[in-house]
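These notes concern the structure reproduced below.
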Amino acid sequence: MKTLLLSLVVVTIVCLDLGYTRLCLSDYSIFSETIEICPDGHNFCFKKFPKGITRLPWVIRGCAATCPKAEARVYVDCCARDKCNR
């Protein structure tokens, strides 16, 4: 009985997320995705991509403490959910 109780306590500690951490995509394609664990205080995911370019545009994804500002000819999408920056 003690062994079962100890096992349950260990499993609970391992599985319990004591602090919430945002998960953002740092790379994404239809074939794969790379997830970034954001540091404390970085509660937003973002995606930057060029305006008006239709072929093979570059895309920058990551975590941010605040939403990045849009630049000339660059769109910025910002969101506050896990892996929302597809």
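Cβ from N, Cα, C; glycine included.
What Swiss-Prot records for this protein:
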SIGNAL    1-21  signal peptide
DISULFID  C24-C45  disulfide bond
DISULFID  C38-C63  disulfide bond
DISULFID  C67-C78  disulfide bond
DISULFID  C79-C84  disulfide bond
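Considering only the disulfide-bonded residues C38, C67, C78, C84, the residues lying within 10 A of C24 (disulfide bond) on a C-alpha to C-alpha basis are C38, C84. Under the DSSP three-state reduction, C84 (disulfide bond) is assigned to coil, being neither helix nor strand. The Cβ of C67 has fewer other Cβ atoms within 10 Å than any other of the disulfide-bonded residues C38, C63, C67, C78, C84. Under DSSP, C45 (disulfide bond) is assigned to a strand (E or B) in the three-state scheme. With the fewest other Cβ atoms inside 10 Å of its Cβ, the least crowded of the disulfide-bonded residues C24, C45, C79 in this structure is C79. A distance of 13 Å separates the Cα atom of C67 (disulfide bond) from that of C84 (disulfide bond). Distance between Cα atoms for C63 (disulfide bond) and C84 (disulfide bond): 11 Å, as a whole number.
Note: the Cα of C45 (disulfide bond) and the Cα of C84 (disulfide bond) are spaced 7 Å from each other. Note: the Cα of C79 (disulfide bond) and the Cα of C38 (disulfide bond) are spaced 13 Å from each other.
It is 14 Å from the Cα atom of C38 (disulfide bond) to that of C78 (disulfide bond). Taking only the Cα positions, the spacing between C84 (disulfide bond) and C78 (disulfide bond) is 9 angstrom. In the three-state DSSP classification, C38 (disulfide bond) falls within coil.
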